[in-house]
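Below is one structure; the comments refer to it alone.
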Ligand SMILES: Nc1ncnc2c1ncn2[C@@H]1O[C@H](COP(=O)(O)OP(=O)(O)OP(=O)(O)O)[C@@H](O)[C@H]1O
Ligand SMILES: Nc1nc2c(ncn2[C@@H]2O[C@H](COP(=O)(O)O)[C@@H](O)[C@H]2O)c(=O)[nH]1
């Protein structure tokens, strides 16, 4: 699998970069926050996941996800190529292992944007990972964002909202919570967390 962009590291010389996991309910704004952070700091490396989900309009293979079919996903699992994987709302998603380990070995901070199940698996296998929970300002606002995005059918929105209830109940498992009221503020706070020792 191809790597994504690299550039000048934002990491001060005395900081040991580590893995940061960003999780939170579907529609809370994880991708929006990360996209904003990377528009200001394009050098921040984000893992590109593999998924069996079909691309949404505008999503590009190798950029937003590696879009694979069930058979290819099975092979990634069987070959041990995934650091973690999970089934979420009817599709499978997984983090390619090699690219993440290469970046960490190179001393670069690494960001994963994954669901609760994946965050738990990362916690088990990488005990110095920092787990960040992105929370909505309210349940009503979460529903508004997920529905307003207009990318999912009503029954898929229902599945994602059911998962959201479970994810919100797990907030205490995370090291830090950021409330996504302002994309700019949260992106700044997330970058600061990524660069903390
Ligand atoms: N702070 C915010 N204020 C208002 N709207 C927001 C904010 N952050 C994100 N949004 C909007 O909420 C919607 C969902 O955002 P986004 O797709 O980034 O969520 P996500 O957490 O990545 O979802 P998923 O887990 O389903 O991929 C988008 O339409 C986005 O523009
Ligand atoms: N466990 C994993 N979860 C992942 C991964 N990549 C994305 N995700 C999460 O899946 C849901 C749905 O994403 P969507 O793009 O279909 O809206 C969301 O919570 C993502 O964070 C992964 O590699 N592993």
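Placed from the backbone N, Cα and C atoms, the Cβ positions cover glycine too.
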Please find, within the list 1-24, 25-48, the residue stretch that TrEMBL describes as region 'Disordered'.
-> 1-24
Same-chain, non-site residues whose Cβ lies within 8 A of the 24, 25, 26, 27, 28, 29, 30, 31 Cβ center for ATP are 134, 136, 142, 145, 146, 180
Quick one: which of the binding-site residues (25, 29, 30) have their CB closer than 6 Å to ligand 1?
-> 29, 30
May I ask which of the binding-site residues 26, 27, 28, 29, 31 have a CB within less than 6 Å of any atom of ligand 2, listed in sequence order?
-> 26
Identify, in sequence order, the residues in the chain of residue 30 (ATP binding site) that are 6 or more apart from it along the sequence and have a CB within less than 8 Å of its CB; answer 'none' if there are none.
-> 22, 23, 24, 113, 134
